[in-house]
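Pulled from Swiss-Prot:
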DOMAIN    1-61  domain 'TGS'
REGION    243-534  region 'Catalytic'
BINDING   Cys334, His385, His511  Zn(2+) binding site
Amino acid sequence: MINITLPDGSRREFESPVSVMQVAQSIGAGLAKATIAGQVDGQLVDASDVIDHDASLRIITAKDAEGVEIIRHSCAHLVGHAVKQLYPEVKMVIGPVIAEGFYYDIYSERPFTPEDMAAIEQRMQELIAQDYDVIKKVTPRAEVIEVFAQRGEEYKLRLIEDMSEDITAMGLYYHQEYVDMCRGPHVPNTRFLKAFKLTRISGAYWRGDAKNEQLQRIYGTAWADKKQLDAYILRMEEADKRDHRRIGKAQDLFHLQEEAPGLVFWHPKGWSLWQVVEQYMRKVYRDSGYGEVRCPQILDVSLWQKSGHWDNYQDAMFFTESEKRTYAVKPMNCPGHVQVFNQGLHSYRDLPIRYGEFGACHRNEPSGALHGILRVRGFTQDDGHVFCLEPQIESEVTAFHQQALAVYTAFGFDDIQIKIALRPEKRLGDDATWDKAEAALRSALGVCGVEWQELPGEGAFYGPKIEYHLKDAIGRTWQLGTMQVDFMMPGRLGAEYVDENSQKKHPVMLHRAIVGSMERFIGILIEHHAGAFPSWLAPVQVVVANITDAQAEYVDSVRKTLANQGFRVSADLRNEKIGYKIREHTLQRVPYLLVVGDREKENGAVAVRTRSGEDLGTMTVSAFIERLQAEQAA
């Protein structure tokens, strides 16, 4: 007898081994029709897989997150089916699931075009309409090699070569004449794949290495039903409207160009926005007891070897040489801050010591990974480091947590998730040290009374970290701030203090950033606010516009009055109709437009309009200044 325990605690008995689908059929026809896969004793399996022992079982349907992931994975295989029918000469590589979608890497002699993508999507729809079953066959390794050798799928053969010799059999999934190998599970029938859409094509490299051959990557998305797909498409359309590259160009904030890949050219208005963010964060440094420092851009590689970056990070570093010495352009600020700490003798009574820097860093990101100002090679961080005693970790992390939440709220983010990234496989130090560091972060968050999620293997090579994930206006999540506990680097770089027994000890080093990369944060702000920044943050807060030349001198005096109060203001004295000026500055998302005609000039007033089109009427310049000051203080 096989006893199957269901999630509600009920049990079903079967006289012989039984498949997941057969269990579902025994419960009801409706459930059987909805069954995508099963979870047996916590492990996902195909609906056709047989259970031959007493086990717990959860039926997976499209209502489950796991079900949607399986749908996406099966859609990737469906891409393969369609592509091989349309372009038999191409070679299939890999097709994994990613956030909200999937992709398939394919080797093709020629690049795919948008017309090709449309044809592939059409063929996928035709295949789905055939309502065929997806057949799984667990196949001996030697036979799998023979299958793909006969089909000329050289990349599949390379992938098999990479697998451990312990793997003697693997799953082959058949979509009619098309076959792919996979751990699975996959949908039992193509009827589950109707709510999909191919989204874009890009280039990629075999094994992610630019030295290898280029592949074609087809991206797509798939959902449980059409309603979810339509909602996703609407979100993507909204995201496209909010694209920071589009808004950055429209508002003349910045640009990027081929001669400087991953490096940003900031225009006056964009740099004004940068300065608002930087000055806000500089005040955070001051209010939190940080001394602002400035460290060199390049340092001899010997320092990076001592810090551990050379062994763990050199592939992402830029190097230069001079007078037979090799230097690294800094990818991080931490070793420099240790050098500042090391200049002088510190007592335990001096700790904690806090340093902050708007540190310019460079990382050799792959060109294919670059994305506007969200993923760049040159960036500036609001980077801070605290040198403290072990008993001070909790209070320092708690204070940082409260400050970070205040900053995110000020910039318009109120949905924040907290995660702890735990020890990675490649790391410095022993397990006891990591145990201590991870426990310190858990303890501090516990004191703060917040919930968190843990991410095994996601920590930095020198320590675990708290991550702050912010949800934006259209529901996307961005990872921003971090707080890391580091017991390693102070010892490696000789940071010491004298304890109460006159013994030299290494301090604990806390690495912290609230906004992280300034470039990335500004890109996120642009998209979150769709370019319509709150007035305190807007690069141009006010435009003063005249109706005729007769008001030009008064307009300039109003501009100067506002500028002298510290506001970011410009005057529009062009010989254009006032309606044209209003439209243009509204499209530029300027918070306030002050219109000046003869009446306003005579009365020493301005007519105030908001970018939303609201007419606030006529008021004195001093009254408008009070209004703007009140907004900024809020």
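Every residue, even glycine, has its Cβ placed from backbone N, Cα and C.
What Swiss-Prot annotates, mapped onto the structure for a quick look.
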residue: Cys334; record: Zn(2+) binding site; CB count, 10 Å: 22
residue: His385; record: Zn(2+) binding site; CB count, 10 Å: 28
residue: His511; record: Zn(2+) binding site; CB count, 10 Å: 22
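Mean model confidence of the domain 'TGS' (1-61) amounts to 96 (pLDDT, 0 to 100 scale). Under DSSP, His511 (Zn(2+) binding site) is assigned to a strand (E or B) in the three-state scheme. Residues Met332, Asn333, His337, Val338, Asp383, Gly384, Gln484, Asp486, Met489, Met509, Leu510, Arg512 surround the recorded Zn(2+) site, their Cβ atoms falling within 8 Å of the Cβ centroid of Cys334, His385, His511, which are themselves excluded. DSSP assigns Cys334 (Zn(2+) binding site) to a helix.
For the domain 'TGS' (1-61), the DSSP-based tally of helix, strand and coil residues reads 14 helix, 26 strand, 21 coil. His385 (Zn(2+) binding site) falls within a strand segment according to DSSP.
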